[in-house]
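Engineer: Below, the features straight out of TrEMBL:
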- 155-329: domain 'Inositolphosphotransferase Aur1/Ipt1' (DOMAIN)
- 16-35: transmembrane segment (TRANSMEM)
- 41-59: transmembrane segment (TRANSMEM)
- 90-110: transmembrane segment (TRANSMEM)
- 122-140: transmembrane segment (TRANSMEM)
- 182-202: transmembrane segment (TRANSMEM)
- 214-238: transmembrane segment (TRANSMEM)
- 289-307: transmembrane segment (TRANSMEM)
- 313-334: transmembrane segment (TRANSMEM)
- 341-362: transmembrane segment (TRANSMEM)
- 368-389: transmembrane segment (TRANSMEM)
Amino acid sequence: MSAGLFARELGPAQKILATAALAFAAFGCALHPYVYHDFLIVPYFAVGLACILILQLRVMPSVRDAIAVVVLGLALLQVDLRLLGYATSAMAVLSLFGLASLLVLGWRAIWGKAKADALHRAFVAAIGLGVCVAFTGLYIERSAFWQTKMYDLFLYSFDASLGGQWTFRLAQFTAHHPGAHFVSAMVYNVVLVPPALVYAALLNDERRARTALWAFLIVGPLACVCFLLFPATGPVYAFKTFPMLAVPAGEIARLVPGPVGISGPRNAIPSLHFAWVLLAYWNSRDTKAAIRVFCAVMLALTIYATLETGEHYGVDLLVAVPFALGIQALAMWLGGIRSRCVTQAIFVPLGITVAWFVLLRFCNRVCWVSAVVPWAAVLLTLGACLYLYRRLVAVQKESGSIEKQSVSRETTDLVHAGSAG
């Protein structure tokens, strides 16, 4: 992706225009009151912008660049707090230093004399991820205006058909442990750190980095399509008594789900948080052990956090698995790895995702015939995804092996040509 953007050297006029556009966008975001109060002080967006620092430190670990980020960040902070009078916020500090890092990273990518593919890839990723995260957040915020009915009761009913209201039970268990809730809230807000770390680790591997970036870029917008098809919020918004049981266990089977009016973010199913971390975990394969372990731990903690906070139902996380697998396969296809297996891994998991929407919305009562029915659906979904994922890994390894052999042959031919000359 970045190779196309920086395939040739930019001329002086193009560099000036690119720098002006970058500065206008970064300073506009930092100084605009709407952006400041609706985005920059929100933990999710603040951490996302701060992740640009991870990319910068990976490709430009110099003291001079670090000083430039600090100076720019402090300058933006002083303008916002002292001149514009915005409210002080720790999240704003993270956001502004992230924007400062973007400016420094962009300056190096645009005006750097040496060709540095990793630097260009990091800059493109910083821009792309920032735009996608902002788009996703803006969509979730604005969707409340045209989506007035939520399908939470359908999700709630399915979770209960499995034999227990696990989201409520988990939240009740941790209600008397403030530290546990703090951990879940923190994990929920740093969900973009694993993707940033994984992409930073893959920057020197163009093929793997390209696939990972495509996955992280498209998962948010495509999740918004799912939110449009099946709008739901989460138990913490749908039930005022949360985490206390909304319906007695003996009466849930007689519950007839229907659309209800609920205020809250329309981003329950599939869980975008879980999908992001799952994609990071899958793409961390062959990176350093510390990164793989971190992603695995974050994956487990994200399961806990999404349920404990009441932001998601259990089925939201389940449906996120085939959804994320389809995204991973689509990212491989967009990254140039194209085969029948990859095509199947795009359409089958995404088809499973749609099938779950149909089951939850129109065939809900089937799940109450016997506990075997919902559990069979769960196990079949996970089994199919595991099978397809293993096939994808095999295809990716084979593609990498072929690419390495091709590069090796080209290098050998160049050496022989040089010797003959």
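Cβ atoms are placed via backbone N, Cα and C, with glycine included.
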Engineer: Would you call the transmembrane segment (41-59) and the transmembrane segment (122-140) in contact, using three or more Cβ pairs under 8 Å, pairs 6 or more apart in sequence?
Structural biologist: yes
Engineer: Out of 16-35, 90-110, 122-140, 341-362, which stretch touches the transmembrane segment (368-389) the most, going by CB pairs under 8 Å?
Structural biologist: 341-362
Engineer: Need one number: mean pLDDT over the domain 'Inositolphosphotransferase Aur1/Ipt1' (155-329).
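Structural biologist: A mean pLDDT of 92 is what the predicted model shows over the domain 'Inositolphosphotransferase Aur1/Ipt1' (155-329).
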